[in-house]
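Positions annotated as site 'Transition state stabilizer' by Swiss-Prot, on the basis of sequence analysis: R13, K20. Among the features that Swiss-Prot reports, site 'Positions MEP for the nucleophilic attack' is placed at R150, K206.
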Amino acid sequence: MHFLIPAAGSGSRMKAGKNKLLIDLEGESLIYWTLKSVFSASSTNWVGIIGQPKDKNLLLNSAKDFAHKVHWINGGDTRQQSVFNGLKALPKDAEKVLIHDGARCLINPELIDLCAKQLDENEAVILATKVTDTIKIVDNEGFIKETPDRNHLWAAQTPQGFLVDRLIKAHKMAIDKNWTVTDDASLFEILNWKVKIVEGAYSNIKITSPIDLKIAKLFVKDP
């Protein structure tokens, strides 16, 4: 399985003053823990990190202790552009790809393998968890408009997996039509292409705040 890791997080909400994937977590960088999980998945055979040139040496240094090679891909101005750069850098024989946020450093390798397996039967899959909170939809003035049935609500995670040719086609259409999305599955939604939900884990959090980092430390100490 080919694996792409967008890794251009600024760390502004972490007040880190650097790429948040370089923040220390129990003696190693966040990207180290992400790579450890990725390489622990039996389905992984090719990994590319997509990031900004200024972070290249530090990010790749976090990968030096792994037996597998990590390929570097220069990112774009947005996550969407960065992923498209990553897709263009895949080997020509790549048929399937998993895309995973570098800041989700607690991903279980078994979930990675599960997503890879689901791509045998689906052209697009994403990890997600059932929403347990009551969600409110509000108007522009902050007043509640409605409460959707949470039985139909899932919180999207990564990895998200796709057939490479289909995802490249979706990205090219997004460029032509000037679509902007926050994840790749959204492109498939716009095109009315099916995306299969694979139930993930609540521990697969995205590190975006100091609170998240404290939670991650607990999981790393006691997995």
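Just so it is clear, glycine is given a Cβ too, placed from its N, Cα and C backbone atoms.
Scoring each of the recorded sites (K20, R150, K206) by how many neighbouring Cβ atoms lie within 10 Å, the top position goes to K20. Recorded residues K206 (site 'Positions MEP for the nucleophilic attack') and R150 (site 'Positions MEP for the nucleophilic attack') have their alpha carbons 21 Å apart, per Cα-Cα distance. DSSP assigns K20 (site 'Transition state stabilizer') to a helix in the three-state reduction. Distance noted between the C-alpha atoms of R150 (site 'Positions MEP for the nucleophilic attack') and K20 (site 'Transition state stabilizer') is 32 Å.
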